[in-house]
Amino acid sequence: MKKKPFYKVLYVQVIFAIIVGVILGHFYPSIATDMKPLGDGFIKLIKMVIGPIIFCTVVTGIAGMEDMKKVGRVGGKALLYFEIVSTFALLLGLAATHLLRPGVGFNIDPATLDGKAVASYAAKAHGQSTVDFLMHIIPNTMVDAFAQGEILQILLIALLFGSVLAHLGERGRVVTDFIDGLTRVLFGIVHIVTKLAPIGAFGAMAFTIGKYGVGSLVPLLKLIGTFYLTSVVFVLVVLGAIARFTGFSIIRFVSYIKEELLIVLGTSSSEAALPQLMEKLEKAGCSRSVVGLVVPTGYSFNLDGTNIYMTMAVLFIAQATNIELTWMQQLTLLAVAMLTSKGASGVTGAGFITLAATLAVVPTIPLSGMVLILGIDRFMSECRALTNIVGNGVATVVVSAWEKELDRNKLRQALKGGGEVAPTETTAGV
């Protein structure tokens, strides 16, 4: 197979687009801010097919299961994994902030902070309780779930639809085959849309730099550096240890999904790479049923980057305003963050809303303290999204191995940079 010229490789194009976007945003901010529709348009094109792809992937995966108990088993294992790893992420964020103390020295009087700029985030945070979140998973109508692009609602519909098809067996084969064919068409659309990723990344990055400016980063560089460093440590050490235990290299895995990571970096939304990630995981030997269940669920329940960010941001505000938190208050913070993070999704800005929800339950720290990081949240959003997508990818491989449905030959070939791999029997064990 003839190797592509480097300038035709997608990730090279995305890197170039990001660099050009940064340059335009820095030197011509007024023009750069007008590039926002390019980024928004690309994300909308991807989100256009996310719902149908999740539905089709989950339905065909479940319909092919001989044992319906497996659906509950996979879901239970995934949720258990999510909670354990999320706890590690929260604790790591807490420990890093205590160790590096990025907020010490600001000496800000909370009374001088104007909370008007974050009022809208606070309102959204107060607008949904745990019960509301759970009830929101149930759609008003099937059409409404797809129209609004609600991932968890679509997942619920797909679980029910797939379960019925599995029960019908051969009588439902025509419907199953149709949905399987539709899945191929949808992924074909994704391949076409993905070619526009450099344009989307350019527009989003140009807008970000043009609107907020590189200068807005300077006063809070220590916080940004602490967050990025902690996220890298989490990926290399925590996820790296999990990957090694499962039998693969985290470095090679990150390299395998580099195109998806660059799309996320450019757009600051992990949803922008969801369909491509699902397809890559299947090609890497994960079973379709596990991919279909774990990845969409992980986008609400396994946001490792958001978890690190939340504990770090809360402690930063406390340090900057000279507020001492007791260990009991910090444990309460962890418990609250564990719950509020479940309401976040892969959309840009969701992390800031969940931060507002967390602060609202910890009254010791003023909600107005969020204005301290409002200007740099957009720059931290990229790191949150990158960590989230790596975390969900690793989770899918782990649960597949746990279920003895990981084709390790495919995984090895994929991580070595191999092309299409012939199917082999799935290997057992972790």
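The backbone N, Cα and C atoms fix where each Cβ goes, glycine too.
Quick look at what Swiss-Prot annotates:
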- 9-29: transmembrane segment (TRANSMEM)
- 45-65: transmembrane segment (TRANSMEM)
- 79-99: transmembrane segment (TRANSMEM)
- 149-169: transmembrane segment (TRANSMEM)
- 185-205: transmembrane segment (TRANSMEM)
- 223-243: transmembrane segment (TRANSMEM)
- 308-328: transmembrane segment (TRANSMEM)
- 356-376: transmembrane segment (TRANSMEM)
Contact ranking winner - 45-65, 79-99, 185-205, 308-328, 356-376 against the transmembrane segment (149-169), Cβ under 8 Å:
45-65
Which one, 9-29, 45-65, 79-99, 223-243, 356-376, has the most C-beta pairs under 8 Å toward the transmembrane segment (185-205)?
9-29
Close approaches to the transmembrane segment (223-243) from elsewhere in its chain (Cβ under 8 angstroms; 6 or more beyond its ends):
85, 88-89, 92-93, 96-97, 100, 102-103, 217, 249-251, 253-254, 304-305, 308-309, 312, 316, 373, 376, 379-380, 383-384, 386-387, 390-391, 394, 397-398
Same chain only, please: residues at least 6 beyond the ends of the transmembrane segment (79-99) with a C-beta under 8 Å from a C-beta of the stretch. Say none if there are none.
226, 229-230, 233-234, 238-239, 242, 297-298, 301-305, 307-312, 315-316, 319, 330, 333-334, 337-338, 341, 391, 395, 398-399, 402
